[in-house]
Amino acid sequence: MRGKRRRKLHLSKLYSFACGRQSLMKGAEHSQIGERGYSWVVLCNEEENSSEEGIKNKYADNAVRSTKYTVATFLPKSLFEQFRRVANFYFLVTGVMSFTKLAPYTAVSAILPLVIVIGATMVKEGIEDMRRKRQDIEVNNRRVNVHKGNGTFEYTEWKNLKVGRIVKIMKDEFFPADLILLSSSYEDSVCYVETMNLDGETNLKLKQGLEVTCSLHEDFEFSDFRASIKCEDPNANLYSFVGSMEFKDQQYPLSPQQLLLRDSKLRNTDYIFGVVVFTGQDTKVIQNSTDPPSKRSKVEKKMDKIIYLLFCILIFMALVGSIFFGIATKDDLDDDGRVMKRWYLRPDDSTVFFDPKSAFAASVLHFLTALMLYGYFIPISLYVSIEIVKVLQSIFINQDLHMYYDEADKPAHARTSNLNEELGQVDTILSDKTGTLTCNSMEFIKCSIAGVAYGRGVTEVERSMSSRHDSPLINDIRDSPNRNPPIKGFNFTDERIMNGNWVDEPYADIIQKFFRLLAVCHTAIPEVDEVEGNVSYEAESPDEAAFVIAARELGFEFYKRTQASLSMYELDPVSGDKVERIYTLLNVLEFDSSRKRMSVIVKDEGRILLLCKGADSVMFERLSKDGREYEEKTLEDVREYSDAGLRTLILAYRELDDEQYKEFDTEFSKAKNSVSADRETLINEVTDKIERELILLGATAVEDKLQNGVPDCIDKLAQAGIKIWVLTGDKMETAINIGFACSLLREGMKQLIIQLETPEIHALEKAGDKRALAKASKENIRYQISEGAEQLAASRGTSEQAFALIIDGKSLAYALEDNMKDMFLALAIRCASVICCRSSPKQKALVTRLVKSGTGKTTLAIGDGANDVGMLQEADIGVGISGVEGMQAVMSSDIAIAQFRYLERLLLVHGHWCYRRISSMICYFFYKNITFGFTLFLYEVNASFSGQAEYNDWFLSLYNVFFSSLPVIALGVFDQDVSARYCLKFPILYQEGVQNVLFSWRRILSWMFNGFISAIMIFFFCTKAMEVQPFDKAGKTAERDILGATMYTCIVWVVNLQIALAISYFTLIQHIFIWGTIALWYFFLLVYGAISPGISTIAYKVFIETLAPSPFYWIVTFFVVISTLIPYFSYSALKMQFFPCYHDMVQWIRYEGKTNDPEFCHMVRQRSLRPTTVGSTARLAAKTNSIRQNSTNQR
């Protein structure tokens, strides 16, 4: 390779803080190695990595396991998981008790349903774990090229890889373990790494090996390679690494720049050689992996409470029955031992179960029997049915083509099915701005150079502002016939400086320096199309790409980068020709969120220049006294750009003499080669000194456009009554104008702005008294919050004034303190819009936690970047946008979508449906079990609490499993109260979930009451109808077998027809399940009744010989079923006629064929709009009301 021509360089971070030649290790800097936490020792290229005692045994193998179970632990662990649920544990206890004489049924009939339900759940768990196992096998069996000795490399599985081995990784291969980079296909041992699997970032990272090992390019050169590495112990920090390598009796420091992490991918590099330092569970990616926070929906939590309520009812019924049974048993014999009452029980010669002499013991035993008998109150199949339904609902969400983003080939993805119904109850959405509401696709649109504003483009915010003020757009060049074809990242038009005209401007020299800085101060990598000669760029961020493209389009074309230089073509102002200019690259001082700036130090024609760009909050304070000539005018332009919703950066430079640079380079090299804990602090101190005394050149302005459909989506969500908060790191002016653009703010809305911009606060900041500043700031924020609350209170009774709360990051820090956060929340939830500006990731998470815990309502957080992860995990539902900023937000989310606008369908359609389905499903489950279980209690009352079951054992066991389960699953998967089109047309439907109308205690108890009523009607109608009348031609009356089978038939019909009445949207599957379940009951009666009496007991030929031939059976069934359904049917009809819910109104409009009647539709929609609602519809309504009021006042 050394004799071949090197490939051109790709992507990023050349000579950054960590990148550069490493010096020999100094003793003081090596002080941590060998201490606690820094005791890891690796012997490189040793056959047995164990020359030091105990080393070999402490290394993990490289096989990874993400499964929840093993073959040995599956059964005990999964059984433990299942029986943690109180209902399952109850059925286990009753199943065990069924082997005793206390049981009112056979043990097999009690155990089998539990086995089916638990078995189904365990099979589901096993299948999911098997999928994880297959993934583990696939990963562990990947192959890697490992040095086997004598300079030969052979392929082996990842799982066999050991610490200390030398590996050769080829382009586009994944790293099998954490490696120390030794050399690469480049002479200077750099390589490019994609870390998307680790942190979700799509940009490539530059890594560089030590200079001392960079010459190792051939396989045979490793035959005699020996070295030892001492470094930090395995830990979860992806971005730090402290260690040293001893090679040829010299110590060399190791930093994160030499560490290649497992599951990263080698990109744009032919090959690398590395030594394995951490394997398997010790690798940073495995150490860093944590389970996402466990989230349960509010419906599921409430369901647990209902189960406990049913347990209380069950215990109460058993207790009442046992008391009456004890009294009746005691009265069976008088004091002389003569039979008084139930002679047929032979109380004078009875077991303890019916012994009048031991009435108390008999009642206790009866209590245990009753607990088993009335257990059918508890729906044994509820949990497994809900899990099945939620999985199917998630599949429907994933398959929805209306949420498929064709451009990026990204469908919606429900990463968990636990929160489906929670999507229908969202009260507050907390949204990031950049990349979520906007595209994170930057366009260079304006700039200010030497105090002169350039750029005639018009932003979306400016268009929105002009529509608000009814003023025409002067510079809108969107539809200009002379406009050039669009260039991605460049939307700039100004004839004064385009096409080389800048040379005629008064400040041509400043303009030249400005665009030179844009063309040089970056880490982008050019890629030249060898066919057409066009240059494109790979950059770490959309902003940076836009700057380099802008410089190219304005005559400063960056086209080549090497380790030591940057090459560009630029216009020579004197000759008017394009000339090549080469800058020697000395250092790159990276951008990060704390520095808020980036610099490069280059050498140009003997001059050493520091070129810097950064945020205005840090740049203006770094200007020299002589460098502030254009400060005032530039500040005005920056404010104007912020008002237009643009992101701004300040550009400045300084010239360094040789002594200044030498001093800086010495200190910088010392700081970056340090392996002490304060390495980053040392680097920041050095760079902070050099990035001062700057000379201002101007400012850039780039536009981050709103995503398609964002204003319409926000309008629909607002009509649905959902509150929307924006949490952004942008400046207040930018955030406010984006708020106007997407209709979160509107004209006439009172803005409550909370910020620390008073003269007193500024004076304390200059004085530097931190304690006094904190105290004054806290009091100031408290006063502003109180004043805002007073304004809200004053406007409540007098007008329909809408309020918006806008707060910056400094103020938010005080507002979130324990003694003030409740005041802040009380103010915020009464405002129509809330915008938090300059918010840090931690503040986003804290605000989300405050809203969730303070309101007790469902919160949804949506974001696209790594800085949104805390917010997504803190919210009840986290939605990740799979956008430009990588996949970390998606990996931490509960649901992933590609565009913000899909949130409308996700919530208003799928959320509404899932909430309604799950709520109706749970209510129906309790209804059908109470209907069935209460008939057992009524029969007990009628039979003197004898503990005798009314039904055959298998009738009891199979009720929940076969005769009532499938229709309710179909309800949970397919039912729709209204179609998707009407969900979007009438967003007020969503309020049913927010207000929890369909799963309130009132509705739950009403369904339970319906169950009790149905049980009472079925029992008494059947018993009274068969009590004295002959059942067949022979004149026989109905016995327990006939009565039980008839009542059971009525129950099967009633509960299945009840669900038919509750369903709003029938499909073929629902018809099959409902009528098929009823038919299955008759088929079961035939087949089971044909089995020998020893098994079928009282069901032996009961249908074929007794029930079917008797007209009385069919008549009783018909009239009992119809009579039992009449109360629910009547109640539903009256409710829809006189007390309709939102969905009832929409159904009625659809039924009447008036869906296109504006008057009827307005009648429903007007309930969606409140005086404080945001969105374009509300803005239009407010404007209309204002015009009406003005007209009234003029009259």
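Each residue, glycine too, has its Cβ placed from N, Cα and C.
TrEMBL annotations:
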- 44-110: domain 'P-type ATPase N-terminal' (DOMAIN)
- 83-99: transmembrane segment (TRANSMEM)
- 105-123: transmembrane segment (TRANSMEM)
- 306-328: transmembrane segment (TRANSMEM)
- 359-384: transmembrane segment (TRANSMEM)
- D432, T434, D864, D868: Mg(2+) binding site (BINDING)
- D432: active site, 4-aspartylphosphate intermediate (ACT_SITE)
- D432, K433, T434, E544, F591, K613, R647, T728, G729, D730, R838, K844, N867, D868: ATP binding site (BINDING)
- 890-1140: domain 'P-type ATPase C-terminal' (DOMAIN)
- 921-939: transmembrane segment (TRANSMEM)
- 954-974: transmembrane segment (TRANSMEM)
- 1004-1026: transmembrane segment (TRANSMEM)
- 1046-1065: transmembrane segment (TRANSMEM)
- 1072-1091: transmembrane segment (TRANSMEM)
- 1111-1129: transmembrane segment (TRANSMEM)
Residue distribution over DSSP helix, strand and coil in the domain 'P-type ATPase N-terminal' (44-110): 30 helix, 1 strand, 36 coil
Candidate with sparsest Cβ neighbourhood (10 Å radius) among D432, D868, the listed binding-site residues: D432
Span of the ATP site, taken as the largest CA to CA distance across D432, K433, T434, E544, F591, K613, R647, T728, G729, D730, R838, K844, N867, D868 (Å, rounded to a whole number): 27
Residue numbers, six or more beyond the limits of the transmembrane segment (1072-1091), whose CB comes under 8 Å of its CB atoms: 954, 958, 962-964, 966-967, 969-970, 1045, 1048-1049, 1052-1053, 1056-1057, 1059-1060, 1099-1104, 1107
By Cα-Cα distance, the member of binding-site residues F591, R647, G729, R838 nearest D864 (Mg(2+) binding site): G729
Surrounding CB atoms that lie within 10 Å of the CB of R838 (ATP binding site), all protein chains: 20
Cβ-based contact of the transmembrane segment (359-384) with the transmembrane segment (1111-1129), 3 or more pairs under 8 Å: no
Nearest-integer angstrom distance between the alpha carbons (Cα) of N867 (ATP binding site) and T434 (Mg(2+) binding site): 11
Stretch-level contact, the transmembrane segment (954-974) and the transmembrane segment (306-328), CB cutoff 8 A, at least 3 pairs: no
Cα-Cα distance linking G729 (ATP binding site) and D868 (Mg(2+) binding site), given in Å to the nearest integer: 11
Other CB atoms within 10 A, centred on R647 (ATP binding site): 20
PLDDT averaged over every residue in the domain 'P-type ATPase N-terminal' (44-110): 77
Spatial separation of T434 (Mg(2+) binding site) from R647 (ATP binding site) - C-alpha basis, Å: 10
Cβ-Cβ distance under 8 Å to F591 (ATP binding site), same chain, at least six residues away: R597, M598, G614
Cα-Cα distance linking G729 (ATP binding site) and D432 (Mg(2+) binding site), given in Å to the nearest integer: 9
